[in-house]
Amino acid sequence: EPRYCLSLTNNKLFVISMCIAMIILFGVFVRYNEESDTRWIEHRRRKNISTNLENDFYYRYPSFQDVHVMIFVGFGFLMTFLKRYSFGGVGFNFLIAAFGIQWALLMQGWFHYLDDDGKIKIGVENLINADFCVAGCLIAYGACLGKVSPVQLMVLTLFGVTLFAVEEYIILELLHAKDPGGSMVIHTFGAYYGLTISWVLYRPMLSQSKHLQGSVYHSDVFAMIGTLFLWMYWPSFNSAIADHGDGQHRAVINTYLALAASVLTTFAISSISQKHGKLDMVHIQNATLAGGVAMGTASEFMITPYGSLIVGFCSSIISTFGYIFLTPFMEKTLKIQDTCGIHNLHAMPGVIGGIVGAITAASGGYQAAGLFVAIAFGLVGGALVGGILKLPIWGDPADANCFDDEVYWEVPEDEDENMLSSHPNMNHARGMPDA
Amino acid sequence: EPRYCLSLTNNKLFVISMCIAMIILFGVFVRYNEESDTRWIEHRRRKNISTNLENDFYYRYPSFQDVHVMIFVGFGFLMTFLKRYSFGGVGFNFLIAAFGIQWALLMQGWFHYLDDDGKIKIGVENLINADFCVAGCLIAYGACLGKVSPVQLMVLTLFGVTLFAVEEYIILELLHAKDPGGSMVIHTFGAYYGLTISWVLYRPMLSQSKHLQGSVYHSDVFAMIGTLFLWMYWPSFNSAIADHGDGQHRAVINTYLALAASVLTTFAISSISQKHGKLDMVHIQNATLAGGVAMGTASEFMITPYGSLIVGFCSSIISTFGYIFLTPFMEKTLKIQDTCGIHNLHAMPGVIGGIVGAITAASGGYQAAGLFVAIAFGLVGGALVGGILKLPIWGDPADANCFDDEVYWEVPEDEDENMLSSHPNMNHARGMPDA
Amino acid sequence: EPRYCLSLTNNKLFVISMCIAMIILFGVFVRYNEESDTRWIEHRRRKNISTNLENDFYYRYPSFQDVHVMIFVGFGFLMTFLKRYSFGGVGFNFLIAAFGIQWALLMQGWFHYLDDDGKIKIGVENLINADFCVAGCLIAYGACLGKVSPVQLMVLTLFGVTLFAVEEYIILELLHAKDPGGSMVIHTFGAYYGLTISWVLYRPMLSQSKHLQGSVYHSDVFAMIGTLFLWMYWPSFNSAIADHGDGQHRAVINTYLALAASVLTTFAISSISQKHGKLDMVHIQNATLAGGVAMGTASEFMITPYGSLIVGFCSSIISTFGYIFLTPFMEKTLKIQDTCGIHNLHAMPGVIGGIVGAITAASGGYQAAGLFVAIAFGLVGGALVGGILKLPIWGDPADANCFDDEVYWEVPEDEDENMLSSHPNMNHARGMPDA
């Protein structure tokens with residue numbers, strides 16, 4: 001079976017070749033900008049800047065760190081909820097985010113930060129934008145969680161970042177739409193990109209790994225670490241690249257209020273919808289964040305404090321009902337298997353955010369066009385990349401081994417092993433034999 | 001049984017009605033202040049402010065984020081220590097904190113931030129104060145952990161925030177006492193409020209859920225996440241609304257030193273007090289924080305670095321001995337069941353903090369009066385709210401089902417289930433039948 | 001057996017006597033500096049400083065908090081990976097860090113911050129430096145994890161901080177070498193200090209606790225909390241005391257890029273090296289951080305973005321291969337038992353960092369001399385302190401009870417107990433009988 005050997009080689013060499021490619025591309029293209037270079041001192045003198053505090057670093061680094069925590073701990077731990085895929089949840093999130101930020105620095109650099117000398121000049125703002133760009137791919141990962149190989153995730157990220165850089169350029173630079181927290185650019189695009197990939201990769205026999213598709217008690221507590229860090233730092237996410245002064249200030253207040261309303265609403269709807277009035281951890285872990293997603297476009301608009309509460313209220317109602325009714329419907333009827341329910345947390349609240357932006361912005365038509373572009377890039381891009389990922393060369397897990405860390409990780413043998421893991425001689429990826 | 005139906009309806013509709021009430025009240029009362037409004041630019045021009053950096057946002061947002069993490073991750077994870085109440089610990093903390101900050105913005109707004117036009121004008125400072133206000137209710141939750149329903153917690157928070165806003169007004173505005181880190185206003189009040197409620201709600205047969213009243217290995221590790229984030233960010237808590245310049249700087253140093261001394265002292269006392277010299281995780285999780293509580297009033301005073309060490313040293317000795325001797329005594333003799341031992345972590349160190357403030361402040365008498373007001377509000381308010389919560393309409397758990405997430409949450413079936421949870425047909429709340 | 005009694009008394013009284021010693025020494029020596037003292041206002045007037053924002057507090061406090069999280073949550077949770085030593089991992093890390101920062105304020109104060117009046121004047125910069133100093137001892141703890149008593153750790157920290165203050169003084173003040181992120185001063189010194197101690201304390205019969213020397217599924221997830229907070233905040237670590245302006249800005253970018261390359265490289269090498277292409281959590285938890293260690297000396301140098309990627313790439317290759325080949329070799333042949341593999345994460349990447357610094361700095365010779373001093377202090381200091389710790393008075397655990405929290409902690413009885421813990425009547429420390 002030469003295909004297997006190819007796959008095996010692929011898996012092992014793909015990542016290392018990406019390392020080396022990044023070094024070469026950075027060597028050719030990437031340099032410090034005038035605020036991170038020793039030329040800063042002469043730049044200050046030339047521009048008559050009185051203090052080092054005017055270096056962009058001091059404006060943006062705290063926001064950057066909050067966003068960074070959201071990307072690595074927030075997304076990472078939110079995806080640890082499965083009983084036997086916590087290593088893959090937090091670990092592959094780590095892998096593709098660290099890969100994605102390098103590729104994003106290049107892609108966004110070529111589109112936005114190319115200097116006269118043909119070099120990309122980077123500073124702290126680039127680091128924030130790279131985190132934003134990667135967020136789209138991590139959302140897409142949420143739909144595919146447990147069903148794809150790490151190399152497939154690398155490919156998903158490679159193309160995802162590329163598509164992101166283009167749609168972002170069209171929406172923000174050509175259409176001049178506003179989207180500081182990325183309701184459209186990040187959430188809508190990322191969600192439809194991931195959902196379409198998951199649709200192309202549909203697995204009719206996924207019920208073979210049904211016993212691994214739930215959580216255990218402590219994996220749900222781990223996921224709450226992700227939820228809370230996302231929830232707490234979301235005001236930083238939506239304000240990180242907002243206008244200085246009242247713009248950033250208002251973006252924080254609006255996002256904070258929308259998120260507070262989301263929590264209350266999610267608890268209410270979750271309790272109302274269950275037959276014994278019990279709460280569902282899936283809702284609490286996810287729908288409490290819908291207000292942050294939906295406030296991404298309009299975060300710095302004058303939508304008033306109660307307007308923010310209404311946005312959080314509506315988006316969490318739709319998000320929670322999505323988990324209850326839409327996810328099962330999509331899986332059965334539309335053949336879309338959405339592990340984390342990103343349709344409920346990112347797609348619908350993202351579209352709501354885009355619509356809120358179109359209604360409240362002066363240039364509503366361009367905002368609406370932006371939303372359309374984000375959806376189109378997600379759907380078309382997802383179909384293309386899904387087709388590539390369907391090739392039988394990427395070492396994805398067999399249906400019976402989905403949601404199982406055993407396939408890609410050395411898992412410690414512990415007391416639960418015999419109860420939880422599947423048959424030991426079945427733990428290998430498709431196209432990746434033990435040898 | 002109409003009372004049960006009422007309760008069932010109550011539980012499901014109470015939260016959603018709160019969402020809507022908040023939207024209406026915010027619509028009537030809450031607006032952006034001049035630093036979070038587009039009027040900021042004209043405000044800058046009028047006041048001759050040279051740079052956006054003078055917007056209060058840039059002074060206070062980093063401190064706010066640290067406090068925010070303490071409220072949601074710190075308090076939330078500290079309460080995950082029980083073997084089968086981790087969902088309730090971190091989840092209900094999330095619910096009541098998100099509810100409380102909305103209600104606090106209104107209550108504190110009416111008392112402190114009402115503008116000439118009858119509107120509450122909010123900015124980042126209000127967000128910090130709302131977090132502070134909610135902290136008092138979360139402390140009270142600690143005494144009731146595992147024994148009350150989410151709706152009871154909402155009621156506890158509704159009244160708790162209201163009482164807080166009044167006592168804070170009396171202590172800070174009328175008595176002009178100093179209390180930047182809230183030893184009196186937050187900790188003393190919150191602790192006596194919660195303890196009195198717990199006393200009113202005394203359950204003589206609580207031993208029926210004795211098998212759920214401890215931790216398991218990993219729930220203790222989860223609780224350390226809460227402990228450490230509280231410990232690390234406490235200097236931000238005690239300095240967030242201290243005076244700019246040396247005031248904030250000194251508040252950080254004093255709190256940092258008191259906390260460092262607390263850790264050492266707690267390890268020493270915990271080891272000395274146990275028969276085999278073994279350490280008790282309950283002490284490490286809690287009494288290591290006593291120095292932060294006790295430094296709340298005097299944080300920005302010139303009490304010298306070694307003065308701070310002494311405060312941390314003394315408060316942790318008292319706190320650790322409290323866990324060893326006082327908690328069992330209070331339960332047996334005073335009929336106060338204090339799940340998290342808030343008497344040891346918040347009440348006694350809070351009173352110490354108030355006394356340290358009264359001794360070291362110029363206006364010691366007013367400080368002492370402030371401490372008295374905080375205790376009185378806690379006791380009287382707790383008795384009243386406890387009486388309300390004793391009504392048999394709130395769906396609180398039966399004695400045998402206390403400390404059990406099964407009552408309010410869909411808990412994943414995992415390998416431990418049969419060993420840990422109580423009989424499946426006993427998992428329902430009082431006044432909340434399965435139907 | 002009087003030796004046992006002595007030990008028992010020692011254990012219980014050592015910590016409390018340290019508390020009191022610190023209070024006395026702080027009383028004699030430590031005072032606020034002019035920026036954390038009420039004299040700040042007159043200082044401002046005298047120096048014509050226009051705004052409180054110029055108080056060093058506002059420059060450095062956010063960086064300090066990031067470093068603080070690394071020390072307490074980062075190091076602490078990274079050490080929770082063992083199946084039955086998570087309490088000791090995060091708990092003793094908490095103890096010795098809180099003790100170490102107090103002693104470091106004194107030691108570094110005497111060497112660097114002594115005022116004319118014979119007092120140490122402290123501000124926020126001292127707090128950062130104290131955290132740095134403690135990091136060296138926490139690294140050393142990594143080699144000894146599970147094999148030493150808390151009192152031994154206190155002694156290790158007492159001498160480690162002392163040695164650190166001296167070598168730091170020689171390297172930075174006498175040799176004028178650059179080392180803002182401490183590749184040499186912190187990582188190289190700390191690692192060789194810990195490895196030498198571990199070599200002196202070699203336990204030939206350690207295989208008696210072999211059943212406790214691995215992880216369980218969820219302990220590996222806990223460790224990822226540590227890894228991620230270290231990874232995310234490492235740019236703050238390497239830039240916290242770099243030069244204002246472009247220096248700090250560049251230190252962040254360089255560290256961020258080195259770390260991103262490290263993640264990719266570690267995943268690649270880990271997968272290549274395992275026979276079935278599976279990933280090893282030990283590598284992901286540790287070698288992903290090697291780039292941060294290796295960028296410590298040259299963080300603010302103009303080594304270019306691709307230079308940073310190369311540093312991250314090379315250091316993670318060496319680090320991962322170290323875990324695979326060197327750790328077993330060192331244990332078998334060199335008789336060095338290195339629980340956390342600090343040789344791979346700190347020693348080798350630290351030396352790489354020192355060499356990168358020597359190559360890229362103008363004064364390469366002094367940098368190389370600095371590296372030599374760090375190694376020498378680690379080896380000689382470790383041999384001396386190891387000799388002290390070998391005395392049979394410190395209550396260290398028996399070989400069969402290493403890596404077992406039961407020895408020093410009240411461990412909750414849970415469902416796993418019978419499977420994991422060793423025989424109950426064997427759970428006592430050497431020289432520390434149950435009585």
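The count begins at 1 with the first shown residue.
Backbone N, Cα and C define each Cβ position, glycine as well.
In TrEMBL, annotation is done automatically, which means it is predicted and not curated.
So that you can see what the record holds, here are the features copied from TrEMBL:
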TRANSMEM  A:12-32  transmembrane segment
DOMAIN    A:55-366  domain 'Ammonium transporter AmtB-like'
TRANSMEM  A:63-82  transmembrane segment
TRANSMEM  A:94-114  transmembrane segment
TRANSMEM  A:126-146  transmembrane segment
TRANSMEM  A:153-172  transmembrane segment
TRANSMEM  A:184-202  transmembrane segment
TRANSMEM  A:214-233  transmembrane segment
TRANSMEM  A:253-272  transmembrane segment
TRANSMEM  A:309-330  transmembrane segment
TRANSMEM  A:342-362  transmembrane segment
TRANSMEM  A:368-389  transmembrane segment
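Counting same-chain residues at least six beyond the ends of the transmembrane segment (A:368-389), those with a Cβ under 8 angstroms from any Cβ of the stretch are 140, 148, 152, 155-156, 159-160, 163, 166-167, 170-171, 175, 177, 179, 184-185, 188-201, 350-351, 354-355, 357-358, 396.
Of the candidate ranges A:94-114, A:126-146, A:214-233, A:342-362, A:94-114 contributes the most Cβ pairs within a distance under 8 Å of the transmembrane segment (A:153-172).
If one looks beyond the transmembrane segment (A:342-362) by at least 6 residues along the same chain, the residues whose Cβ comes under 8 Å of a Cβ in the stretch are 139-140, 142-143, 177-179, 181, 183-184, 186-188, 190-192, 194-195, 286-287, 289-291, 293-298, 301, 303, 311, 314-315, 318-320, 322-323, 326-327, 330, 336, 368, 370-371, 374-375.
Remote same-chain partners of the transmembrane segment (A:94-114), defined as residues 6 or more beyond its termini with a Cβ less than 8 Å from a stretch Cβ, comprise 15, 18, 22, 25-26, 29-30, 33, 71-72, 75-76, 120-122, 126-127, 129-131, 133-134, 137-138, 141, 150, 153-154, 156-158, 160-162, 164-166, 168-169, 173. Highest Cβ contact count with the transmembrane segment (A:126-146) among the listed stretches A:12-32, A:63-82, A:214-233 falls to A:63-82 (criterion: pairs under 8 Å). Within the chain, the transmembrane segment (A:309-330) has long-range Cβ neighbours (under 8 A, six or more residues past its boundaries) at 257-263, 265-266, 269-270, 273, 280, 282-283, 286-288, 290-291, 293-295, 298, 303, 336, 338, 341, 343-345, 348-349, 352-353, 356. The transmembrane segment (A:214-233) shares more Cβ pairs under 8 Å with A:63-82 than with any other stretch in the list A:63-82, A:184-202, A:253-272.
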